[in-house]
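Taken straight from Swiss-Prot:
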- 1-104: region 'N-domain' (REGION)
- 34, 86, 158, 160: Mg(2+) 1 binding site (BINDING)
- 47, 70, 158, 231, 233: DNA binding site (BINDING)
- 99-126: region 'Disordered' (REGION)
- 122-253: region 'I-domain' (REGION)
- 179, 181, 233: Mg(2+) 2 binding site (BINDING)
- 341-349: region 'Interaction with PCNA' (REGION)
- 356-395: region 'Disordered' (REGION)
- 356-389: compositional bias 'Basic and acidic residues' (COMPBIAS)
């Protein structure tokens, strides 16, 4: 799930933190990818007539189809992917996982009912909601990656947190995930939409944590407190607290402790904090997640030549894939993983350090830009209010 509305908050209040561009712009870069999130998206997206793809034996193959062809697209564009798999979820995440499981059970029942009485649209909608990534899906994807020569590692707990460790250490350029909570784990750069299909034509979003903090005017602790208030995987959100209110509360009070104190002492009881809301434990999980250090031997990885015959046996013989397509894919892998060895030009040059005067000038321009955006929003809100107050038919 990640952090609710965080992308909206960053793009509106720290626009300089977000860059969008084509996948080819990341040629020559190593990227750590949240595997479990990717597999989940493959199970939802890679379908035929609203149903997951199946082998002749009735086994789901959507995850393998997605992993094979989306990884090929990444490698075709000169990127060297490293996949990171989730380990056991933190205990605090249990409540959220239980809720998701209950929602999936309800969706499964609704899906069965839609089969009997509903439209094809209803069936597809409820079918997507029943999707969950199983241990078997993960193990089959690991087997496929090994045959492709693409490395993967297992995280002790959260894959996003391990991706962030590797990015901070410079072992990869960025962490790639659709989950915005990757930024809470201090990933310097987050890439989104990297494993999307080419048909979706979604640009790659590149979000820089330092610029997000600068634009929001927050330190990392305040940023994490904001994310907890927005709603994260560890805690349910406070009812009636949306993105604008969450941002206002953190800016006004500076920390979750003071926000909670203000809410509980409010005689009007405008907001009510859930009975079981251990925000300090959630904050600790973001600050000190269970991860392996970047220099741990289990975090070593390298790209190798694909095992062509192994791929044929697994994908073609066992799973019913097209042999021509698999052989073609293996050839592309072998060729493009070699070309991805070429360094980006930026690797040969050290960035020139800005003077204090230049930094002050950039900050002034940034502040002016933020003020201009706020002014424009106020004017737009005022215009909307006036338009609503105007009688119908009045000019």
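Cβ atoms here come from the backbone N, Cα and C positions, even for glycine.
Counted within 10 Å of its Cβ, the other Cβ atoms near residue 158 (Mg(2+) 1 binding site) come to 28, all protein chains included. Remark: secondary structure over the region 'I-domain' (122-253) totals 68 helix, 15 strand, 49 coil, with classes taken from DSSP. Here residue 86 (Mg(2+) 1 binding site) is positioned 14 angstrom away from residue 181 (Mg(2+) 2 binding site), judged by their C-alpha atoms. Cβ neighbour counts within 10 Å, taken over all protein chains shown, single out 160 as the most crowded of the binding-site residues 34, 86, 160, 181, 233. For the binding-site residues 70, 179, 231, 233, a Cα to Cα distance of within 10 angstroms from residue 34 (Mg(2+) 1 binding site) holds for 179. Long-range Cβ neighbours of residue 70 (DNA binding site) (same chain, at least 6 residues apart, Cβ-Cβ under 8 Å): 38, 42, 195, 196, 197. Residue environment of residue 179 (Mg(2+) 2 binding site) contains 24 other Cβ atoms, counted within 10 Å of its Cβ in all protein chains. With respect to their backbone Cα atoms, residue 231 (DNA binding site) and residue 160 (Mg(2+) 1 binding site) stand 17 Å from each other. Residue 34 (Mg(2+) 1 binding site) falls within a strand segment according to DSSP. In sequence order, 36, 37, 84, 155, 157, 159, 161, 162, 163, 177, 179, 182 are the residues of the same chain, not among 34, 86, 158, 160, whose CB sits within 8 A of the CB centroid for the Mg(2+) 1 site.
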